[in-house]
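Taken from Swiss-Prot as is:
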type: BINDING; residues: Ala8, Tyr9, Ser10, Gly11, Gly12, Leu13, Asp14, Thr15, Ser16, Gly117; note: ATP binding site
type: BINDING; residues: Tyr87, Asn123, Arg127, Ser175, Glu259, Tyr271; note: L-citrulline binding site
type: BINDING; residues: Thr119, Asn123, Asp124; note: L-aspartate binding site
Amino acid sequence: MTNRVVLAYSGGLDTSVAIPYLSKMTGGEVVAVSLDLGQGGEDMESVRQRALDCGAVESIVIDAKDEFAEEYCLPTIKANGMYMKQYPLVSAISRPLIVKHLVQAAKEHGGTHVSHGCTGKGNDQVRFEVGFMDLDPSLEIIAPARDYAWTRDKAIEFAEENNVPIEQSAASPFSIDQNVWGRAIETGFLEDLWNPPTKDLYAYTEDPALGNAPDEVIITFKSGKPVAIDGRPVTMLEAIEELNRRGGAQGVGRLDMVEDRLVGIKSREIYEAPGAIILITAHEAMEDVTIERELARYKRGIDARWSEEVYDGLWFGPLKRSLDAFIESTQEHVTGDIRLVLHAGKVTVNGRRSGSSLYDFNLATYDTGDTFDQTAAKGFVQLHGLSSKIANKRDREAGEN
């Protein structure tokens, strides 16, 4: 049986050269699979044709934008997914979807191997390979950049020696990954933590200091899902795209952080994720109004753990599935409208309304109409502080002795 390698194909230098390289190394054929996740840029038909020109026996392009928005971005919103309380999992949530389609392509096209272009220093090698192991452990995995010390210089040399039809543009000093959920930039001069990011790094967001007029937006949620913007019904994909445009124009969603990678090193990362930041901010505000205090407290811990599981490449794992079930059970009443102002790089919530609200005006007001029974408060305070009072009494007495 002839080996067939199913390659996660981006259209760039490394994966273009990987096609003849993998064919030569395995003595088999290469099937290139590319996903449109709303990353923009080059036309996907050009990407498909380039893979064929480089020697792929088949080149498959999948429009996965809606699937990505509905099945990967939406769960991230419901989980308020932020790794280290900052990063909205831009790349992390795209990898399991790519894995899913590569495994499916291997089944449909007789694949015996799968391949990716990740290095040995990053998180993505883990996300891809654990995903392959979870969905089809029979597939053999090849990672040229990691396993064969594949560098850009080696890729160019191999292309020249083997007449691979690629254009050699000036090498960017940065590593960039993007999709509709956001954009990630790393390496280059950013590796010096003292160097500030330059304006040319950004593509999804304008300079927050431009002074554009504030933009007020109302996001409507139904059971945790954004369903309308300013009263207009939207799909999940449309919601992200519109808020990317509007938030990006205000410089919303820029992040500069030092991230704890799964492989044990710290890495400086720049992110642009206007739509993601706006939607998660609005969703958290909707939860504040509609979820009971103890459940909300507990969910914050679950949200953080969910984000870590996804970041660590365990999208298909049993813990993440169980966390999904818990999170989904909390969303029944997360319904209503959140009004926000987008301006000068900030997202500010300034209005909330919900038919499922737990906010009771008559209990909260300090004015006429207050229905809160303040006479019950004294006894509550005594009981609430009783255990702490007893412990402190003991400690004082112990100190005296």
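Heads up, the Cβ atoms here are built off N, Cα and C, so glycines get one too.
Location within the structure of each feature annotated in Swiss-Prot.
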residue	record	DSSP class
Ala8	ATP binding site	strand
Asp14	ATP binding site	helix
Tyr87	L-citrulline binding site	strand
Thr119	L-aspartate binding site	coil
Asp124	L-aspartate binding site	helix
Ser175	L-citrulline binding site	strand
Glu259	L-citrulline binding site	strand
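Looking only at the binding-site residues Tyr87, Asn123, Arg127, Ser175, Tyr271, the one with its C-alpha closest to Ser10 (ATP binding site) is Ser175.
The CA atom of Tyr87 (L-citrulline binding site) is located 15 Å away from the CA atom of Asp124 (L-aspartate binding site). Taking a C-beta cut-off of under 8 Å and a sequence gap of six or more, Glu259 (L-citrulline binding site) has these contacts in its own chain: Tyr83, Met84, Tyr87, Lys266, Ser267, Arg268, Glu269. Secondary structure at Tyr271 (L-citrulline binding site), as computed by DSSP, is strand.
Within 8 Å of the centroid defined by the CB atoms of Ala8, Tyr9, Ser10, Gly11, Gly12, Leu13, Asp14, Thr15, Ser16, Gly117, the record's ATP site, lie the Cβ atoms of Ala18, excluding the listed residues themselves.
The binding-site residues shown are Ala8, Asp14, Ser16, Thr119, Asp124; of these, the one with its CA atom nearest the CA of Tyr271 (L-citrulline binding site) is Asp124. Each residue in Cys118, Lys121, Gly122, Gln125, Val126, Arg127, Val263 lies on the same chain as Thr119, Asn123, Asp124 and has a C-beta within 8 Å of the C-beta centroid of that L-aspartate site, without being one of the site residues. Listed in sequence order, the residues of the same chain lying 6 or more apart from Asn123 (L-citrulline binding site) and placing their CB within less than 8 Å of its CB are Ser91, Ala92, Arg261, Leu262, Val263, Tyr311, Asp312, Gly313. Annotation: Arg127 carries the greatest number of neighbouring Cβ atoms among the binding-site residues Gly12, Asp14, Arg127, Tyr271 [cut-off 10 Å, Cβ to Cβ]. For the ATP site listed in the record, the two most distant Cα atoms among Ala8, Tyr9, Ser10, Gly11, Gly12, Leu13, Asp14, Thr15, Ser16, Gly117 lie 13 Å apart.
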